[in-house]
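Feature annotations, courtesy of Swiss-Prot:
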ACT_SITE  116  active site, proton donor
BINDING   22, 23  phosphoenolpyruvate binding site
BINDING   92, 306, 328  UDP-N-acetyl-alpha-D-glucosamine binding site
MOD_RES   116  2-(S-cysteinyl)pyruvic acid O-phosphothioketal
């Protein structure tokens, strides 16, 4: 495990190209289990989590080739019903292969998921939904076993919370339940779910309603091979936009879908940022100290929780007091203590953080606690006086393709240093 050494005080300027969305690619890769024919996915980011999912697909009988950003997936052997624990523990999205394997083979056994440690992520929503679709569920010794027992004509699943993972998992599983109509109420509405629907429908699925709170899936008998391009990563785009604004710079962010970031753009503009949108490119300029704004995270189309830590780093140097309310992951404030080490003035009470803007942050040794928190610390390091050393930095490589290279091309002074044994 290495660390990032960041020389602060740089102004970011230039162009940056946004990669394909990890959060769209992973569920689409899981959905490829539904098909025997070759799937070709384009615009796939080369990230640690993607490589874990590749290993999972290979372990259950699929041939996978990954060349640059193109992924080819085809079933080669009988689908294995069990996924090795050492793969599942690395990433929570791997749990979403449970339903697809079970619907293909009648049974699946998958370890309870790992991944980001930002509070409890119950898989109960997934399991209750699978039960309603006719699967029996057994949980013991850290594993979940799903066995298909009965087919039902009509199923309605109302999610207690619009969980992205549960929505994707249940959609994908239901797509191959021939003769069953599944309705998911209070579904998550994220763009990545629309992307998953579009992919499954291209394979021959019959899903409608993604992007709204009600998704209807008519199960089909089989899927066919397709070629499909993954949407751009809205969180990566937002991260670079915040970083450029925080450094009081100017840049062009390319390969963005602006419709996916409307709420975020509004908040940036409230701080004084100038934004211009040209098709799938966004020009940003910020030369002043930002104005404080209040931010409340909510499920899409609200302000994304995955951009809250980066926004907090930015608002830590704003003029005035910002109130940040976290409504999605209640414990998503692990970055606060690290930002305070750099001189930020932040107080947390429950799911609310009060951020009193300071003139400057100071470089300090800090520790990454999860993917987005580490991105926030990187932004803080870029705008701070002096040198910031971020340890436990491997998180960032799970969600940002070529992150050091992209930031360096914008003018950031960042070096990855291997930890000495």
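Cβ atoms are placed via backbone N, Cα and C, with glycine included.
Worth saying up front: this structure is predicted, and the values here are computed from it rather than measured.
Here the features listed in Swiss-Prot are painted onto the structure.
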{"residue": "22", "record": "phosphoenolpyruvate binding site", "CB count, 10 Å": "25"}
{"residue": "23", "record": "phosphoenolpyruvate binding site", "CB count, 10 Å": "24"}
{"residue": "92", "record": "UDP-N-acetyl-alpha-D-glucosamine binding site", "CB count, 10 Å": "19"}
{"residue": "306", "record": "UDP-N-acetyl-alpha-D-glucosamine binding site", "CB count, 10 Å": "21"}
{"residue": "328", "record": "UDP-N-acetyl-alpha-D-glucosamine binding site", "CB count, 10 Å": "21"}
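Residue 306 (UDP-N-acetyl-alpha-D-glucosamine binding site) and residue 23 (phosphoenolpyruvate binding site) have their C-alpha atoms 11 Å apart, to the nearest angstrom. For the binding site of UDP-N-acetyl-alpha-D-glucosamine, formed by 92, 306, 328 according to the record, the largest Cα to Cα distance is 17 Å, rounded to a whole number. Residue 328 (UDP-N-acetyl-alpha-D-glucosamine binding site) sits 16 Å from residue 23 (phosphoenolpyruvate binding site), taking the C-alpha atoms as the reference points. Cα separation, residue 92 (UDP-N-acetyl-alpha-D-glucosamine binding site) to residue 23 (phosphoenolpyruvate binding site), rounded: 11 Å.
Annotation note: residue 328 (UDP-N-acetyl-alpha-D-glucosamine binding site) sits in a coil segment as assigned by DSSP.
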